[in-house]
Structure formats: C-alpha cells, structure tokens
Amino acid sequence: MGSLRTRQLFHAALLWLCLPLPLLLCENLHCYYSPVLEKEITFELVVTECPPNEMCFKGLGRYGNYTALSARGCMLEKDCSQVHSLRLLGTVYTMSYSCCDWPYCNRAVALEPLTAMLVAAAVVACSFCLT
C-alpha cells in the first residue's frame, strides 16, 4: 500500500515538473490569428508564431456602445492597451487591444496557464486513483 502511494506521489511531482517545460523551452510565442472581422462572422483561428519581442493580442472594435469587430494576432508590447480609430466599409470603429504573454492566450475563452496546469494535474491524479 505504501509503495503504491509513494509511486503515485512521485508521478504527481514529476507531472508538476514536466508540465511547464514546453513553455520555458519555446523561443517565440505562439498565438491565434484572425483578421479584423465583424463579430458575428465565424473564422477558424489560425496558429501563428510571433516575432521576438511581440505578444499575443485580442482586439475589439466598438461603434458607440456596440462591439462590432474582433481581431487576434501578435503585436509589440508598446502598442498594447492602445486605442485607435479604424475605418471599415465607411464606418469608423474604435479599436482597443489587450495583450498577454503565454502561448495561445488570445483564444476566445480565457483560461489562465495555472488553471490549465491544475486541471491537467487533477486529471492525471484521478487517473492514478482509479487504477
């Protein structure tokens, strides 16, 4: 019984050490890309690799109080959190950008890296409990 418990703890510790390795070894950040589109238009997100010194962003275009446009991709950190005007099909939208600096962080549903790691660890730990 003790040996099985020790082995399970060892596997859990190993998992906690191995999960962050890919994040630490990657040179450039991987993000999702989509062009500036009307919010209602669905677009299959494309994975892109950002150039050095760029971060993932998610941009929203507003017309008055209505969020009408969205975009994703890479941008320089100095350009993050900025707001500017964009003219599209004769309408002027106010584009605002929010940036993040971990892989695939600009997807539609926000999921923090620590949360993802904890969920993965819980799944693995439960699989050991069932065996």
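Any Cβ shown, glycine's included, is placed from N, Cα and C.
The disulfide bond feature in Swiss-Prot is assigned to Cys31-Cys56, Cys50-Cys74, Cys80-Cys99, Cys100-Cys105; the stated evidence is similarity to another entry. The domain 'UPAR/Ly6' feature in Swiss-Prot is assigned to 31-106. As annotated by Swiss-Prot, N-linked glycosylation site applies to Asn65, with the evidence given as sequence analysis. The GPI-anchor amidated asparagine feature in Swiss-Prot is assigned to Asn106. Residues annotated as signal peptide in Swiss-Prot: 1-26.
For Cys100 (disulfide bond), the nearest neighbour among the listed recorded positions (Cys31, Cys56, Asn65, Cys74), judged by C-alpha distance, is Cys56. A 10 Å radius around the C-alpha of Cys56 (disulfide bond) takes in these recorded positions out of Cys50, Asn65, Cys74, in sequence order: Cys50, Cys74. Residues within less than 8 Å, Cβ to Cβ, of Asn106 (GPI-anchor amidated asparagine) and separated from it by at least 6 positions along the same chain comprise Cys31, Tyr32, Cys56, Phe57, Lys58, Arg72, Gly73, Cys100.
Of the listed disulfide-bonded residues, namely Cys50, Cys80, the sparsest CB environment within 10 A is found at Cys80.
In this structure the alpha carbons, written CA, of Cys50 (disulfide bond) and Cys105 (disulfide bond) are 12 Å apart. Taking the Cα atom of each, Cys74 (disulfide bond) and Cys99 (disulfide bond) are about 9 angstrom apart. Separating the Cα atoms of Cys99 (disulfide bond) and Cys105 (disulfide bond) is a whole-number distance of 9 Å. Each residue contributes its Cα atom, and for Cys80 (disulfide bond) and Cys105 (disulfide bond) these two points are 14 Å apart. Looking just at the domain 'UPAR/Ly6' (31-106), the mean pLDDT is 93.
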